[in-house]
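All remarks here apply to the structure that follows.
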Amino acid sequence: MALLRIASRSAVAARYVRRPVRLDAVRLFSTENLASDAYTKPGDDRMVRLARTARFLASLEAEDQREVAAMLRVDHSGEIAANTIYEAQADVFGYQGKPKDKALIMEMWENERKHLQATSAMLDEYRTRPSALVPLWALAGRVLGGATAMLGEKSAMACTEAVETVIGEHYDDQLQHLDSISKKLAKKYTGEKAAELEAALALLRSVLIEFRDDELEHLDTAVEHDSQQAPAHALLSVIVAYGCKGAIEIAKRV
């Protein structure tokens, strides 16, 4: 059965390839206001937002508090890994004298830097500890990024394709859970209190949607740059995908 799954890996990834995307159209370079700006750009409303987030957390059931903490811990861990993957790939392509491949990696890496900045700030705001295994995630990212880049630019793109396919599904799962929390709060609170809690939840939801869409744009870019033509593409994709899924489950708890 595992071999059959390997053979169908490209079809799974293709579900997330939505449209051609030019690198200069990636969300990072947009002039529009983004939800994550609340965490990456200083603003006068920070103290108000912190107080609102604290009240939002206090209003959640204990199980949902733990789930939100796990979400943020996983997302921060994922950004640590993503940054080190791209860092290693950029280093390898730079050493090999491949400026075009390095430039492509650098543009996607710039996106992930903003994600890491935002998730770090969100951990603080939501009073959530980072994963105790952050050094491991960083090392794993360096190894994976370096190894796939050494195999060639198509393998590096296959790595991005596999990772972002899993992450796209992961963000969708998180958004579904936030919808469940929203329904619980709507039954429990009304009036101004309900509006305040929904505002806090709306910001969190919007940030996750923004990040999910950014990651899926990376997936589109990888496919456009021949990720599926990489040697042993199906096998590499399955190995990376299972590694990502395992890391997600561990980071939720540790």
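Keep in mind that glycine also has a Cβ here, set from the backbone N, Cα and C atoms.
Note: TrEMBL annotation is automatic and uncurated.
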*Which one, E79, E87, E192, E196, is listed by TrEMBL in the same Fe cation 1 site as E112, H115, E215?*
E79
*Write down the Cα-Cα distance for H115 (Fe cation 1 binding site) and E164 (Fe cation 2 binding site), rounded and given in Å.*
14
_Quick check: with E79, E112, H115, E215 left out, which same-chain residues have Cβ atoms within 8 Å of the centroid of the Fe cation 1 site Cβ atoms?_
G78, A82, N83, N111, K114, L116, T119, F211, D214
